[in-house]
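Worksheet: the structure to be examined is printed underneath.
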Amino acid sequence: MAAFGAAVTTNTNPNKSFEVAQPPSDSVSSLCFSPKANYLVATSWDNQVRCWEIMQNGAALGSTPKASIAHDQPVLCSAWKDDGTTVFSGGCDKQAKMWPLSGNQPVTVAMHDEPIKEIAWIPEMNLLVTGSWDKTLKYWDTRQSNPVHTQQLPDRCYSFTVRHPLMVVGTADRNLIVFNLQNPQIEFKRITSPLKYQTRCVAAFPDQQGFLVGSIEGRVGVHHLDESQQAKNFTFKCHRDGNEIYSVNSLNFHPVHHTFATAGSDGAFNFWDKDSKQRLKAMARCGQPIPCSTFNNDGSIFAYAVCYDWSKGAENHNPATAKTNIFLHLPQ
């Protein structure tokens, strides 16, 4: 048993994934791939947004850092425009930036009264949507300085997922608010989470018929929106080790097979099939938590960050010794 407070050296890459070059100097808060090509963006607590080009050569993956921009405070979320030309990022400086990758300077396109926790581009509406701890969602036409619509939420936005016309927002106090984006001013449905503990992440089904929700208590709920499908709803345990229970930090559907990945504070990522209610593959636990993960546009690459995830607060984080990695895995 390690002495209390002593560093436990464990393997951060037991799955022999490919390492991304020049990772951030502090924890990674979000990862997103371009919808058009293998460009990966990461946001970090070191106030930076970084972009890499990912190259595949047979069974090997390489990465080249391409560009980066800075926010004034830690960056919490990121999204790509559907044409792959532009990156959006938001964070603790309460603003969202639009970064044209053609080399132009980033511009501020959204403002909130509190940090921006979530961001998404909705191509069907040609709008950016931001979710904040100020208990609002705001929709933005990036050519205008004021939001085209501000939606009050019952509590702080912790997570959201958009697959037009479905949008699901997870807030504090276990609220799940469902919107039909064809009528975004009205809540379609408000659900109390089927999980007993704080919501950490949500992911809309690829067919827009429901969503996944993950909590801090190592559990995922599978929820269908149609009343006639309620019998198909279930929850399952994951990211647990005996009596140790870890947060589910990330949920990603595979863009082709519609299986999904979970990643957690236990440092593991697993692949699941909700329809057969089976775990398809469990990966070895990394030495640190996985705060975020994502698939590339064709599902051939799964990216995940391994670093401190703030689940035990600032007092358990030593930036001097903390190591941050971003890994690339080739799913079978």
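Just so you know, glycine gets a Cβ as well, placed from its N, Cα and C.
TrEMBL annotations: computationally assigned, not manually curated.
The structure displayed is predicted, hence computed values, not measured ones.
Per TrEMBL, these features apply:
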REGION    1-21  region 'Disordered'
REPEAT    21-54  repeat 'WD'
REPEAT    68-109  repeat 'WD'
REPEAT    109-150  repeat 'WD'
REPEAT    248-282  repeat 'WD'
Helix, strand and coil totals (DSSP H, G, I; E, B; other) for the repeat 'WD' (248-282): 0 helix, 21 strand, 14 coil
Helix-strand-coil residue split for the repeat 'WD' (68-109), DSSP-based: 0 helix, 24 strand, 18 coil
Mean of pLDDT values spanning the repeat 'WD' (21-54): 97
Composition by DSSP (helix, strand, coil) of residues within the repeat 'WD' (21-54): 0 helix, 19 strand, 15 coil
